């Protein structure tokens, strides 16, 4: 059945009762909202009738004309393409908010992601130990800069793992009623601050060595020099492998839910990939500076200069990362392309609805969406409420959306209601009316 067949003209909206679902399914509900309440029941989304394994089939059978998500379309939107529309957003969504994995990830994607995270941690521990041995043998400032970077890599990954775990565990906690997904960007910001402080310390040591013309490599054994160099080369190879692994896992975990292929990146994998790339560059510079400084005493200054270059690059790269995370935490607006797609989805969702205002802004890595829609003023409360809830479910089924709030009005307004409520004159009138109501209640008693 096409979308147009399942909607009601504006002229009939006031007297129209919610359409009943038909089909061979045993479940029969007057609205999608009734189905959600009956099937998933509890506040934490625990299934009341249908088991998690049966959810996709039950939804598909009991909601035969459920509105398709245009974001899952592959085509130009013609009638032929409409027949291939599916309940992909419903099937990919999980109502169990205590699930440790991110909503929408398949088992294969989660496995690849887990491999990337665990392998990065174990390799970082091994590489940190190897760099420590290399520094003890050489006392090279470039190697010291790379060693500090690796130590902080390990610390950073523990921070990222902790914040990611708790951001998913606290999704439905009473202490975090809006979820704790913003812990992830906070963890990335913490890593950026640690990296910056360590890099400034290496800058200080390298500048001191250059100023006093201190050759930290003087008197080294040739065998130790060669061993340290090749250990750095091996670390470069390992880091390059981990970098491409994290990029691949992030590409797999990313979602393409819009016709314009808007992708959602995994902040933890992005931070790890950047770590591995920084390590590849820093170890490359350290190895080059070390080999030149060892084989030519007159080039001793290359070692502290290499350390300075490494530190400056790390500071710059983590500054860029930290700036992006701050924008997410402070509620930067979503890309206009994404807002346009949400507007299109809301516009075609129900012919009785007219989109008045739409806002989408960062709420951590994902977006919080506010929708104001207009329905005929004689629409029954239950009908308008269920329509708004169904639109909310449809918007929140998109991977980029953390939460969606739908406000239903009976007329369009030329002003922002949230801004108007802050106008001093209006607030004074509201307070005066509140005092009068309180006085009347007190007088009646």
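For all residues, glycine too, the Cβ spot is worked out from N, Cα and C.
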TrEMBL annotation of transmembrane segment - which of the ranges 93-114, 115-136, 137-158 it falls on
115-136
Looking at the candidate ranges 206-225, 226-245, 246-265, report the one that TrEMBL labels transmembrane segment.
226-245
Matching 1-25, 26-50 to TrEMBL annotations, region 'Disordered' lands on 1-25
Of the residue ranges 53-76, 77-100, the one that TrEMBL records as region 'Disordered'
77-100
Summarise the model confidence on the domain 'Cation efflux protein cytoplasmic' (335-409) as a single mean pLDDT, whole number.
92
Over the span of the domain 'Cation efflux protein cytoplasmic' (335-409), count residues by DSSP class, listing helix, strand and coil in order.
30 helix, 28 strand, 17 coil
